[in-house]
Amino acid sequence: MPPDERAPLPLPAPAPLTPPEGFAERLAAIGVTLDAAVIAKLGDYLARLLAMNELMNLTSITDPVEVWEKHVLDSLTLLPLLEELSAGARLADIGSGGGLPGLPLAIARPDLKVTLVEATQKKASFLVAVAAGLGLTNVSVRAERAEQLGKGDLCGAFDAVTARAVGRLVMLIPLTVPFVRPSGLVLLVKGQRAEEELAEASWVLGRQRAAFVKTVATPTGKIVMLRKSGEEPKRHPGR
C-alpha cells in the first residue's frame with residue numbers, strides 16, 4: 001500500500017524555527033518574496049525535519065541557521081525557474097529524502113500539485129506525516145523506485161521534475177527526464193562541479209530527448225536546467 005494511503009506517523013510538533021536575520025533580503029536577491037505565513041510554515045517544516053532527524057537519517061545539516069541557508073534558500077532558488085508553471089501544474093521531486101526541494105516548493109507554491117518520490121519506506125512515511133502535519137493538501141508521496149515509476153504510470157505525467165543530491169548527471173538525467181511531458185522542465189540541483197558533470201553526461205542528453213538550457217548559481221552549487229524536446233523513445237522487445 002502506498003504510504004499516502006496509510007495513517008500518518010505521529011510526529012513531534014516542536015516550535016517552528018525562525019529565519020536568521022537578513023533571510024528576507026537573501027530571498028529577494030534570488031528574486032523570491034514570501035509572506036509571513038509561508039515563512040512560518042517553512043520554519044515549521046524545518047523544526048519537524050530536525051526533530052525527526054534524531055530518529056532517522058534525514059539530513060546531515062542540523063544547525064538551525066544553516067538549514068535555512070542550505071536547505072530552504074537552496075531549494076527556493078528553483079522558484080523563479082518554475083514561474084512558467086500555471087496553477088494546477090504537476091511537479092515531481094525525485095529522491096526527495098527529507099523533502100528537499102519538494103516540500104519548500106510545495107509550501108511556497110500551494111497551487112502546484114507536487115509528488116514526492118522516495119523509495120526508502122521510512123523516509124516516505126516521514127514525508128506523508130509532515131505533509132499532513134503542515135496541511136499540504138497539494139502533496140502526494142510515492143514510495144517506489146524512480147526507475148520503475150518513470151517507465152510506468154508516471155512516465156510523461158509532469159510539467160516539471162526536480163532532484164537534489166541524488167547522483168551524478170550521467171545517471172540522474174535518464175532517471176528524471178522520463179517523468180516530464182515534451183517541453184517539460186528538468187531542474188537538477190548540483191554542486192560546484194556541475195559543468196564537469198554536464199560534459200561527462202553530454203551523450204545522454206540526445207538519448208533522452210533533452211536539451212541543455214542553462215545553469216543557475218545557488219548558495220551551495222548550481223542548478224542544471226534542461227528541457228525535454230520530444231516523446232520517450234519506443235522500447236522494442238529484446239533491446
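Every residue gets a Cβ built from N, Cα and C, even glycine.
In Swiss-Prot this protein carries:
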BINDING   GLY95, LEU100, GLU118, ALA119, THR120, ALA146, GLU147, ARG164  S-adenosyl-L-methionine binding site
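All features noted in Swiss-Prot, drawn onto the structure.
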residue: GLY95; record: S-adenosyl-L-methionine binding site; DSSP (3 states): coil
residue: LEU100; record: S-adenosyl-L-methionine binding site; DSSP (3 states): coil
residue: GLU118; record: S-adenosyl-L-methionine binding site; DSSP (3 states): coil
residue: ALA146; record: S-adenosyl-L-methionine binding site; DSSP (3 states): helix
residue: ARG164; record: S-adenosyl-L-methionine binding site; DSSP (3 states): strand
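Of all Cα pairs drawn from GLY95, LEU100, GLU118, ALA119, THR120, ALA146, GLU147, ARG164, which the record names as binding S-adenosyl-L-methionine, the longest spans 19 Å. If you take the C-beta of GLY95 (S-adenosyl-L-methionine binding site) and look for same-chain residues 6 or more apart in sequence within under 8 angstroms, you find VAL117, GLU118, ALA119, ALA146, ALA163, ARG164, ALA165, VAL166. When Cβ atoms from all protein chains are considered, those within 10 Å of THR120 (S-adenosyl-L-methionine binding site) total 15, not counting its own. Taking the binding-site residues GLU118, GLU147 in turn and counting surrounding C-beta atoms within 10 angstroms, the largest count is reached at GLU118.
In the structure as shown, the Cβ atom of ALA119 (S-adenosyl-L-methionine binding site) sits within 10 Å of 17 other Cβ atoms.
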